[in-house]
């Protein structure tokens, strides 16, 4: 007589394994509930109704950092007369903004590397240093990267459409190619919005943040006035066409505008992450 105990025991073990697999799948969160704060940028691409993979924000930051290095190197390689005069490239807010963006994304990449190296470490000192890096990254995003980047992009293209000779004379087309012009004056804003969308940045108090932004704006105005006192020429042709009183009002308006961009950045950052949090909570409620 054939014994059925061994096949039955094997089938019983298979049923137990399937039950464990079902329990694991039912307890795992749905794919679309992955929080963006984990460092992933969701690309809404579909294949037969199925959402495709996520792009790690760490890779995006490295790519953006390399693009800024390329832009800076190509810009500095251009033999323009303005580079040979007093102040060199540092007279122009566009160049200062490129340096700010490159340093900011460099800090972001360094933060990612530090987080990876200290993952699972019990060292309090390493955690303290990582918190300092994260604090520096968030401060640069709030005070410099977003407001200065948004200011440069919007002001440049507004004046360019109105009268390009006021901010970007046609003579520069002989030195700066179109792709480099867009790299300096267009892609800055999308890059910084991508960074804001992928990582939650903690803003300082509004008083401290606005004070820091205003100090930057006043410092650049003083620097422009100093260059004019040394060379007799204003950095931007627009300033040659207005009187002293109009210049003062213009500088005040620019300082107020960059402060507005700081507040807009804070509001946008809170909106993105409050919406993400609400979405995650609603998804969790549905799954429960």
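Note that Cβ sites are derived from N, Cα and C of the backbone, with glycine treated the same way.
Feature annotations, courtesy of TrEMBL:
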type	residues	note
TRANSMEM	59-78	transmembrane segment
TRANSMEM	98-118	transmembrane segment
TRANSMEM	139-159	transmembrane segment
TRANSMEM	179-196	transmembrane segment
TRANSMEM	208-236	transmembrane segment
TRANSMEM	248-268	transmembrane segment
With the transmembrane segment (179-196) as the reference, find which of 59-78, 98-118, 248-268 contributes the most Cβ pairs under 8 Å.
59-78
Looking at 59-78, 98-118, 139-159, 208-236, which one has the highest count of Cβ pairs under 8 angstroms to the transmembrane segment (248-268)?
139-159
What residues elsewhere in the chain lie close to the transmembrane segment (139-159), defined as a C-beta under 8 angstroms and at least 6 residues from its ends?
93-94, 96-97, 100-101, 103-104, 107, 166-168, 185-186, 188-189, 191-192, 195-196, 201, 203-204, 209, 212-213, 216, 238, 254, 257-259, 261-262, 264-266, 269
Folded-back contacts onto the transmembrane segment (59-78), same chain, C-beta under 8 angstroms, at least six residues removed:
41, 89, 95, 98-99, 101-102, 105-106, 108-109, 112, 175-176, 180, 183-184, 187, 191, 194-195, 198
The transmembrane segment (208-236): which same-chain residues, six or more beyond its ends, come within Cβ distance under 8 Å?
85-87, 91-93, 96, 142-144, 147-148, 166-167, 251, 254-255, 258-259, 262-263, 266
